[in-house]
Amino acid sequence: MKRYDCMTRLAARLRDELVILSLGASVDEWYNAAPHMRAASLFQQQLGCVTPQAFGLAAGLPHRRIISLDTDGGMMFNLGILATLGNEQPKNLFTVVWDNECYQSIGGPPTHTAFGRVDIAAIARGAGIDHAYTARTLEEFDAHCAAGLAAEVPYLVVAKVAGTVQPDIRRKHSDGREDKYIFVRHVEATEGIVIMGPSEHN
Amino acid sequence: MKQSAVDAVIRGLKKAGVSIVCYLPDSLFKELYPALDADPDIRTIRVTNEGEGAAICGGVFLSGKRAALVMENSGLRASVEPLARMGLGAGIPVVMLMSYRGELGENNWWAIPHGITMEPILDALRIPYRVVREEDAIEQSIIDAYNWSYNAYYHSAIALGGSVVR
């Protein structure tokens, strides 16, 4: 199963959701797989921060569906967030973990999930996220997207994907700071709120 | 902490517009945590480590709500990675309220590292901070930290020390 194909399936289901996503090659893949979600996606380079940030966003906007696109390396960097989600039970957070069993962006050395013992979905269930599953086919992944986007409880799917990157895709040119401004202005416009307002004086 | 100091913290947080507090409990703020839990205007989120709390606060910022990360100053060390990435890499601010363990007068050997490392780490991350040892200064200091962070879009910190927490 290719991550890019999973992304196109997920993207086809999204309209006014907000997305926080992880670092590495998945950034450019999501940028291309979901062009209509570019302003609604926060592209960050923050190992271990993705699902916690998505949960913070979900806590602040409880009426809005939030999607975390995390990774095996990123989730294992901070497994504690699974226990926090288990206790807090957010009703509007759908978490996808792209599990390619390697640190792809630095050339592919294995992560802990590569050896057949570590099961992130099982860890999540043990942490109190009852709806935590592993998808190995596009059809399974797509079905979990449908269920996860409609769930009233935290929902997590680990997508077992190949360690390859979609070839010949356009690179995103903006950095984390520009991405934040784009995202914040999108949240402001769609929520009718001010997050980064004017100074007292010009 | 005296009840009056707890009240001053909560007044400051409310005047700064805070509605979500992430915390990992410690002994010096022992009386503060249940008071935050009990406050109907504040949602508390208990975290497994302070770095996770910093990242959650960053997400809350993106929602337009205001969050605080409340912790012992040792939690700063656990938070350095997400603080550096969010603050220096993206300009996503986190306002921290921490107890000052390990300052002069400390009588626990295990807390000495907290005092020795806190200010150098804040300086290394270029995070402005204020050490508050007078109860009268708590409320305005918290408000000042939010004003600064919401103009700088960078982290700031208030450390409560001295008789305020002992």
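Here the Cβ of each residue, glycine as well, is placed from N, Cα and C on the backbone.
Note that the coordinates shown come from a computational prediction; the quantities given were computed from them, not determined experimentally.
The domain 'Thiamine pyrophosphate enzyme TPP-binding' (A:41-158) scores a mean pLDDT of 96 in the predicted structure. The domain 'Thiamine pyrophosphate enzyme TPP-binding' annotation in TrEMBL covers A:41-158.
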Composition by DSSP (helix, strand, coil) of residues within the domain 'Thiamine pyrophosphate enzyme TPP-binding' (A:41-158) | 53 helix, 27 strand, 38 coil
